Structure formats: structure tokens, C-alpha cells
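Enquirer: Sharing the record's features from TrEMBL:
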BINDING   HIS5, HIS7, GLU102, ASP214  divalent metal cation 1 binding site
BINDING   HIS137, HIS161  divalent metal cation 2 binding site
Amino acid sequence: MIDSHCHLDLPAFQDDWQVVVNRAISAGVTRILIPGTQVSQWSTQQAIQSYSNQSTHAISVDVAFGLHPYFLSTNETDNATALTALQRLLSQSSVHMIALGEIGLDGHISIPMQLQQEVFEAQLRLASEYALPVILHHRKSHHLIFESLKKTGFTEGGVIHAFSGSVEVAQAYIDKGFYIGVGGTITYDRAKKTKETIAYLLQHHADRLLLETDSPDMPMQGRQGARNSPEYLGDVLTALDKLGEYNEQALDALTTQNYFTLFRNRVKNN
């Protein structure tokens with residue numbers, strides 16, 4: 001299994017991330033993608049990647065770098081400085097990133113949406129310049145994301161992380177070359193709308209689905225209030241199995257292939 005979205009670099013894991021990685025290996029996770037959120041965490045991502053990708057470990061770690069809307073400043077100068085740091089990182093040949101992200105728009109936070117859009121669109125342009133797919137965060141913002149994708153002419157695709165929305169919205173993203181990240185939401189009985197959408201995608205676009213945990217956030221049903229972990233990725237696989245199109249083994253193989261198709265020659269094998 002591949003966990004396509006796991007924040008191992010965040011403080012929740014700072015004391016035991018090596019233990020978490022080993023537990024993930026024992027649970028059948030073979031690869032983890034750590035998306036970036038803010039400049040201060042990028043070095044931690046790289047350290048985890050370096051450790052985990054040693055030949056003695058039965059797991060590979062990929063990284064993406066980006067500026068998450070949660071961590072933007074209301075000071076435009078601070079954001080400009082962060083964008084400059086991101087561009088500098090992109091230009092370094094020694095840095096191996098397979099995507100730009102986690103970036104996006106969030107309608108539930110206090111950062112003004114206009115400011116969010118400016119930083120988001122600047123990052124979309126950087127991703128275009130370096131031919132990188134993006135990892136998108138959304139929250140009450142699908143329509144605004146589509147506006148920004150159109151405005152910037154972005155065509156590199158990527159993944160819609162922790163997708164929740166209608167079949168129509170999912171289809172619109174797929175039409176623009178995006179994959180759909182499926183996480184712990186579908187383990188909950190109440191998530192009927194999201195399950196209906198994912199069931200449709202399993203029938204018509206199974207080649208566009210990825211597994212994710214969003215650890216340490218988005219705990220699975222039965223683990224509410226606890227730290228989420230990549231070792232629980234199998235819960236997502238089980239929930240997908242219950243939707244009836246594929247068994248767990250087939251889903252594992254399918255979503256693994258989807259990951260490599262999306263990131264193609266950007267992914268390095270140990």
C-alpha cells in the first residue's frame with residue numbers, strides 16, 4: 001500500500017516518527033508521500049526521506065514542498081519571502097521532490113481569500129514552470145480552485161487531497177488531469193455523499209484513485225480523538241472494498257499503479 005498523503009514531519013510525530021515508519025512497514029505500507037506545509041518543516045521532511053530511503057529500510061519516502069493556506073501570513077512580505085524560498089528549493093538539483101504541495105484554498109480560516117488566491121496562483125505558476133503536479137487542499141473552495149486553475153492555465157494535474165464533494169466536482173477535476181485522494185472519511189457510516197462519489201469513481205475512474213491517511217489528522221472511524229498514523233491505511237482499503245467493485249488485493253495493486261502513473265519518472269525506487 002502507498003500512503004499518498006502523510007505529514008510525518010509535523011510535531012505530533014517528532015518524538016517517534018521512526019517507530020511510526022516501522023509500524024507502517026509492518027502494516028504493509030511500502031511508500032509514503034510527505035507533503036510540505038511551511039518553510040520551517042522542509043528540512044524535517046528531507047531528513048525523514050534520507051533516513052527512510054536507506055537500503056536497509058523496506059519503505060520509500062517521497063516528498064513534496066509547498067505553502068499550505070493554514071500557515072500563510074497576513075503579511076504579504078512574509079508570503080513573498082516564503083515563495084522565494086520555495087523557488088530557490090525548486091532550483092536546487094540536489095532536491096528531489098515529486099510534486100508541489102500541499103497548496104490550495106480554505107474557506108474556513110481567517111486568512112483573507114484574496115491573499116490565499118495570490119499565493120496559490122503563484123505556486124501553480126511555479127509548478128507549471130518546473131512541470132510538477134500539485135497536491136491540492138480544498139475546503140469550501142472547489143469553485144475558486146477551478147477559477148485559479150483556469151486563470152493560471154495550469155495543466156500539470158496532480159491529486160485532490162482528502163476529496164469530498166459530488167460526482168460532478170470529481171469528474172471536473174478528473175477532466176483536468178487530477179487524481180482523487182481517498183482517506184479516512186469513507187470509514188465513517190455518516191459519509192454517505194462521499195461514499196456515493198467514490199463508488200461512482202470505482203466504477204468509472206478507478207485508475208484515478210489514491211489512498212491516503214492525512215496523518216496525524218483525519219482519524220479513522222473507531223479512533224476518533226487519537227493521532228492518525230500510516231499504519232491504519234488498511235482501514236481505507238477495507239472501506240473501499242465494502243463499496244463492492246474490487247477486493248482489497250486488487251485495490252492495493254490498482255492504487256499503487258495509479259501513484260506511479262501520476263508521478264511517473266519523478267519517483268525513485270530504492
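Glycine is no exception: its Cβ is also placed from the backbone N, Cα and C atoms.
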Enquirer: List, in sequence order, the residues of the same chain other than HIS5, HIS7, GLU102, ASP214 whose Cβ lies within 8 Å of the centroid of the Cβ atoms of the recorded divalent metal cation 1 site.
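Expert: Close Cβ neighbours, site residues excluded: CYS6, ILE34, PRO35, ILE135, HIS161, ALA162, GLU212, SER215, ASP217.
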Enquirer: Go through GLU102, ASP214, the listed binding-site residues, and name the one with the sparsest Cβ surroundings, counting other Cβ atoms within 10 Å.
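Expert: Across GLU102, ASP214, these binding-site residues, the one with fewest Cβ atoms within 10 Å is ASP214.
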Enquirer: State the three-class DSSP label for GLU102 (divalent metal cation 1 binding site), counting H, G and I as helix, E and B as strand, and everything else as coil.
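Expert: For GLU102 (divalent metal cation 1 binding site) - judged by DSSP and reduced to three states - the answer is strand.
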Enquirer: Which residues, sitting 6 or more apart from HIS137 (divalent metal cation 2 binding site) on the same chain, put a CB under 8 Å from its CB?
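Expert: Spatial neighbours, sequence-distant, of HIS137 (divalent metal cation 2 binding site): HIS68, PRO69, GLY101, GLU102, ILE103, GLY104, LEU105, ASP106, HIS161, ALA162.
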Enquirer: Fewest other C-beta atoms within 10 angstroms of its own C-beta: which of the binding-site residues HIS5, HIS7, HIS161 fits that?
Expert: HIS7
Enquirer: Which three-state DSSP class does HIS137 (divalent metal cation 2 binding site) fall into?
Expert: strand
